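Take a look at the structure below.
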Amino acid sequence: MLITETSPSSPMGDEKESKMSQIQFSPPFEKQESTAWQKRQQAVCVRHAFKHYGSKKRPNHVLSNLNMTVSKGTIYGLLGASGCGKTTLLSCIVGRRSLNSGEIWVLGGKPGTKGSGVPGKRVGYMPQEIALYGEFTIKETMMYFGWIFGMETREIAERLRFLLDFLDLPSENRMVKNLSGGQQRRVSFAVALMHDPELLILDEPTVGVDPLLRQSIWMHLVRITSSGDKTVIITTHYIEEARQAHCIGLMRSGKLLAEESPQALLTMYSCISLEDVFLKLSRKQAGQGNNVVELNVSGGSLGLNKMSKREEAPYAAEDEHVVGLNFQAINQSKEVLIVENGVGSNGDLPGKMTEAVTNECKDCGDCFNLTSRGKIKALIQKNFLRMWRNIGVMLFIFVLPVMQVILFCLAIGRDPTALKLAIVNEDARLIDGECRFNSSCSMKNLSCRYLSFLTEHTHQIQYANLSAAQRAVREGDAWGVLYFNENYTDSLVARLALADTADEETVHLSDIQVWLDMSNQQIGLMLNRDIQYAYRDFAQDLLEVCKYNPKLGDIPIEFLDPIYGNKDPSFTDFVAPGVILTIVFFLAVALTSSALIVERMEGLLDRSWVAGVSPGEILFSHVVTQFVVMCGQTALVLIFMILVFGVENNGNIVYVIMLTIMQGLCGMCFGFVISAACELERNAIQLALGSFYPTLLLSGVIWPIEGMPLVLRYVSLCLPLTLATNSLRSILTRGWPFTDPDVYMGFVATLVWIAVFLTLTLTILKVKKN
Ligand SMILES: Nc1ncnc2c1ncn2[C@@H]1O[C@H](COP(=O)(O)OP(=O)(O)OP(=O)(O)O)[C@@H](O)[C@H]1O
């Protein structure tokens with residue numbers, strides 16, 4: 001049978017239509033496996049494809065022995081109910097996912113192999129989701145993808161003008177996030193068309209697009225395929241619009257029910273609409289015992305369809321259940337048909353072999369290039385632009401570290417002041433509420449004289465009796481009680497005068513009795529120290545005014561100038577190195593851990609991957625961006641710590657800067673691991689937060705690791721912050737040089753961790769990609 005009439009609705013040219021019809025309705029070819037050469041000649045050739053999600057034990061089969069052939073220079077409409085596996089199939093075709101078994105040939109090569117150009121610029125992909133950077137303008141979006149595809153800026157600008165006009169897009173300076181849903185879809189479509197690819201893969205491009213524009217999109221697709229060197233695969237839920245495709249693949253339950261031209265399908269099944277054909281075929285498939293659930297075809301679109309468990313079909317010699325003269329005849333590309341007579345029966349290829357084989361390596365100029373300047377420029381600019389346009393991120397990057405440093409320096413390490421002390425002084429009478437004494441060599445009211453040295457951190461409150469004072473401490477109104485008995489001054493004078501002949505009672509009565517609230521270690525120890533220092537100062541002062549050697553009032557141990565640090569060390573100086581590194585490390589973790597996930601969830605990462613960007617390039621662009629951010633953060637943190645708040649630095653500032661930046665990079669790499677490992681942003685946040693406290697507690701930031709149990713100390717030494725903190729502390733407080741093991745080990749450990757995290761990230765990304 002030879003059908004020569006053309007459909008009135010078909011936008012195809014007469015010549016092409018008649019060629020298709022002739023091919024379609026020639027007597028059937030004998031079914032046989034297509035040869036490797038034949039597979040290469042198709043734009044896309046899928047054979048015996050099996051794909052499942054989930055574990056091997058409980059797999060969710062999505063593709064079951066699917067065969068598909070898309071000839072070059074045609075529009076292939078892939079139709080099927082929601083959830084039947086169209087997107088999965090497309091993502092395997094563009095090299096985003098791998099099949100569990102079976103093979104795919106795209107433009108003569110296998111997707112994902114070197115030189116195939118897929119993923120890469122030979123393919124234009126419009127995913128189902130918008131997958132655009134909301135904070136970019138339309139022009140910036142086009143520039144980004146254009147550069148990734150290796151286009152010149154001038155070329156992109158020209159193409160942009162055409163696409164703006166063709167797709168009826170608003171001003172190129174409009175932000176993508178401010179566009180309507182339909183406009184965003186059109187921008188997404190424009191991105192796929194940007195570089196005029198050989199193979200255009202469009203996943204529901206006409207959703208949310210008005211009928212007029214939908215028609216003009218289809219016209220455009222017909223136009224670009226008419227020359228024979230461009231191919232389009234399109235999925236749509238509007239079945240009837242697929243009449244305009246050259247070939248339709250009706251997909252159901254993970255396999256193709258039919259692969260034919262629309263006209264042929266309508267004629268074969270005597271239907272007036274493709275919906276009816278689909279229904280008939282679905283019923284037929286159901287009748288054949290495939291586990292088919294209700295199919296809803298209404299209003300020209302395919303409704304939701306719940307898929308049931310399927311069995312993987314055994315390999316068949318290309319699918320006998322598929323309607324159409326597929327694989328050997330109708331879908332052979334023009335080239336195949338032309339050279340068909342020259343192909344040996346065994347499939348070996350004489351004449352056109354060279355062209356076909358070289359097809360795979362069309363891109364071989366790029367095979368040995370690790371990356372291109374355009375891609376790196378696009379990726380880095382994208383990272384900066386996203387940061388710059390996002391006020392929250394900018395505040396996070398530059399204001400948060402400064403705030404953290406200021407808060408740390410103001411809130412941590414300073415001595416507590418105005419601590420209430422309850423004084424019960426039965427030794428001296430208060431005059432006008434004051435405890436008066438004579439500051440010359442007088443031996444009267446020595447209790448008042450002593451108390452005059454205990455004022456630095458305390459606020460003294462006089463109590464009439466001991467029980468009232470102790471009650472005040474119990475009730476939290478004071479931190480301690482100091483009790484002077486009524487004979488304190490006399491007993492003290494006697495003790496000093498009698499020395500070793502003083503009796504027990506005299507010695508006892510000359511003691512100041514102290515009860516402290518030691519529930520707060522910092523405050524308790526500080527009051528303890530102040531009370532003792534006050535006595536030393538009081539005794540030395542008294543001895544001095546009475547012309548004795550004041551040293552006799554001190555304990556006979558002389559603390560000379562410390563070798564490192566000063567006599568009154570600050571807790572801030574101890575904690576500051578760890579805090580500097582923790583701030584920079586965890587800000588980097590927070591910034592990077594969600595960045596990749598957000599891109600992945602919005603489909604942006606997929607889109608970039610399909611455009612030919614490799615995980616390595618994405619990581620590299622983030623490393624460069626983060627490095628710049630890190631330099632800024634390090635400068636701010638160190639300026640505030642050292643210059644504004646006077647944290648001690650006795651070492652070489654260059655090493656301090658280097659180590660801080662390296663720790664930031666290390667945090668960034670840890671962030672990469674998190675974002676590669678976690679599917680959801682929520683999980684990434686949990687992991688980043690969850691790792692914060694253990695790292696902080698175990699890295700010797702707030703307490704010396706010498707205080708830990710031995711096993712924990714070894715664990716601590718293995719963490720990324722421990723040796724680095726120790727190194728920075730040695731530089732800042734001791735001024736040690738780089739050659740000191742304590743110092744260089746911090747650098748070495750940081751480098752090792754960076755390498756470990758990067759390797760982990762790349763491994764996870766590769767595993768996930770497969
Ligand atoms: N990443 C994934 N992990 C697990 N299951 C998945 C994943 N992606 C898709 N699936 C499942 O695979 C099946 C096919 O999904 P797919 O997105 O390929 O269908 P589709 O035909 O494109 O649907 P639609 O027309 O609604 O976009 C669905 O059951 C879906 O739930």
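Placed from the backbone N, Cα and C atoms, the Cβ positions cover glycine too.
According to TrEMBL, the protein carries these features:
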- 1-10: compositional bias 'Polar residues' (COMPBIAS)
- 44-278: domain 'ABC transporter' (DOMAIN)
- 532-768: domain 'ABC transmembrane type-2' (DOMAIN)
- 1-22: region 'Disordered' (REGION)
- 391-413: transmembrane segment (TRANSMEM)
- 574-598: transmembrane segment (TRANSMEM)
- 618-646: transmembrane segment (TRANSMEM)
- 653-677: transmembrane segment (TRANSMEM)
- 683-703: transmembrane segment (TRANSMEM)
- 710-732: transmembrane segment (TRANSMEM)
- 744-765: transmembrane segment (TRANSMEM)
Contact call for the transmembrane segment (710-732) against the transmembrane segment (574-598), three or more Cβ pairs under 8 Å:
yes
Over the domain 'ABC transporter' (44-278) the mean pLDDT stands at 89
Long-range Cβ neighbours of the transmembrane segment (574-598) (under 8 Å; 6 or more residues past either end)
393, 396-397, 400-401, 404-405, 408, 412-413, 605, 618, 622, 626, 629-630, 633-634, 637-638, 641, 647, 659-661, 663-668, 670-672, 674-676, 678-681, 684-685, 687-688, 691-692, 695-696, 699-702, 720-721, 724-725, 728-729, 731-733
Using a Cβ-Cβ cut-off of under 8 Å, list the residues of the same chain that are 6+ residues beyond the ends of the transmembrane segment (744-765) and lie near it.
615-616, 619, 658-659, 662-663, 665-666, 669-670, 672-673, 676-677, 720, 722-728, 730, 738
